[in-house]
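Visitor: Here you go, one structure.
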Amino acid sequence: MQGEKGLFTKYLEFPVIYKIAIGFVLGIIAAVILQESISFIKPLGDIFIRLLKMLAMPIIFFTLVLGSSNLNIKKLGKMGGEVIVFYLITSFFAAAIGIIMGLIISPGVGLSLEGATFTPTTPLNLSDTIVSWIPANPFAALADPELKQIVPTIIFALMFGLALSYLKSSEKEHDRKIASTLVDVFDACSEIMFKIVRFVLEVAPYGVFALIAVNIGGKGLGIFAQYGKLIAADYIGCALQILLVYFTLLMIFKINPVKFLWRVKDAMITAYVTRTSAGTLPVTMRCADENLGIDKQLYSFSLPIGATINMDGSCLHIIIVAIMAANIVGHQLIGAELLVLVVTTIMASIGTAALPSATLIMLTGVLASVGLPLEVIGLIAGVDVILDMMRATTNVTGDLVCTTVVAKVNGFMDEAKGKW
């Protein structure tokens with residue numbers, strides 16, 4: 001009995017990403033052996049997709065409220081505002097590059113997925129699209145079973161959280177007590193959701209196994225060409241984000257981009273190996289302090305918040321996957337839908353970026369917001385570890401670029417210490 005318990009504990013401690021990769025490989029093997037007769041396990045994949053849909057709305061709502069409630073607008077100051085503006089600008093460019101790479105490389109063209117369909121959700125003109133973002137009934141938006149009201153939910157959550165932030169710093173003790181109680185409630189709800197996420201991630205390898213087996217069993221190994229396209233789009237897109245967007249931003253403010261890359265290489269390498277922005281934070285801060293000469297007063301604020309809300313690599317990746325999903329169902333994304341994708345991706349990253357397997361949860365909400373099939377998530381989960389490495393590297397580099405620019409503009413950079 002003790003031996004069984006030890007084995008189960010080891011299973012739980014084994015990294016989920018590797019279990020998903022194993023499920024991916026076993027799904028391929030099962031598909032090659034059993035071919036179309038493997039379709040009987042399709043319900044396993046359907047259960048996994050429904051679990052993701054179950055999590056998306058509450059995760060986005062609770063974490064966004066909690067995250068925005070911690071932004072003390074009164075104490076943020078000029079520099080804090082500048083950091084957030086630069087984060088939003090670089091995220092927008094990342095999403096734009098994602099659109100370009102998705103349209104040029106076109107992953108998903110010629111591929112079909114079992115049960116994947118497109119459900120129209122977006123008004124056809126820009127003005128109707130923007131109006132639809134304001135929730136007439138926020139509770140109805142939260143309860144939408146098809147997740148078509150992601151943007152209205154995000155807007156309501158941000159407004160709720162910012163209102164809490166103001167109450168927390170109110171001069172009235174009564175307001176502060178109310179805010180403190182509500183923050184504790186949302187914190188508890190977020191922790192509960194994290195536990196449920198852990199359970200769903202333990203189920204993920206079986207869902208990925210089923211989705212891969214069913215789709216390859218019916219379509220053959222030609223599907224691997226699509227993985228090559230997806231990886232190429234992600235890696236080239238992230239490289240362009242670094243070489244075009246970040247380098248241009250640095251040069252505008254008269255910062256040598258080559259010297260900058262050399263000084264932050266430790267953080268970039270660590271992010272690539274560990275695949276996490278939050279886990280790389282100690283190295284990122286050391287690079288900002290010792291190699292770039294940035295004042296601690298700035299980087300101690302900008303880098304932790306960047307590890308939470310500035311996810312340029314993830315934004316780029318999600319847009320590419322969304323275009324891949326659209327290609328799979330033969331749908332040409334129109335301007336209004338692309339706008340919804342960009343806005344949803346950037347806004348959702350504010351709350352979900354710090355979660356384990358955050359991109360998986362973000363993808364669920366973003367794809368559903370424009371009626372794209374969630375089945376593509378199971379299809380790409382097995383190669384996500386390869387994609388995640390470049391995403392994390394881009395995320396960390398973006399944090400350091402924005403922090404360096406703000407430091408240079410405000411005189412918070414000791415160029416002698418940074419050896420510029």
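Positions of Cβ are set from backbone N, Cα and C atoms, glycine also.
On a predicted model such as this, the values are computed, not experimentally measured, just so you know.
Look at TrEMBL and you will find 12-34, 54-73, 85-105, 149-167, 203-225, 231-253, 333-355, 361-387 tagged as transmembrane segment.
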Visitor: Okay, the transmembrane segment (149-167) and the transmembrane segment (12-34): do they have at least three CB pairs under 8 Å, pairs separated by 6 or more?
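Guide: Answer no: the transmembrane segment (12-34) and the transmembrane segment (149-167) share fewer than 3 Cβ pairs below 8 Å.
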Visitor: Which listed stretch (54-73, 149-167, 231-253, 361-387) has the most C-beta pairs under 8 A with the transmembrane segment (85-105)?
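Guide: By the under-8 Å Cβ criterion, the transmembrane segment (85-105) pairs most with 231-253.
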Visitor: Using a Cβ distance cut-off of under 8 Å, indicate which of 54-73, 149-167, 231-253 has the most pairs with the transmembrane segment (361-387).
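Guide: Between the candidates 54-73, 149-167, 231-253, the best contact partner of the transmembrane segment (361-387) is 54-73.
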Visitor: Let me spell it out: take the transmembrane segment (149-167), skip the flanking residues so only those 6+ beyond its ends count, and list any with a Cβ under 8 Å from a Cβ in it.
Guide: 56-57, 60-61, 64-74, 132-135, 138, 140-142, 175-176, 178-179, 182-183, 340, 343-344, 347-348, 350-351, 365-366, 368-369
Visitor: Six or more residues out from either end of the transmembrane segment (231-253), which same-chain residues have a Cβ under 8 Å from its Cβ atoms?
Guide: 86, 90, 93-94, 97-98, 100-102, 104-105, 107, 260, 312-313, 316-317, 320, 383, 386-387, 390-391, 393-394, 397-398, 401-402, 404-405, 408-409
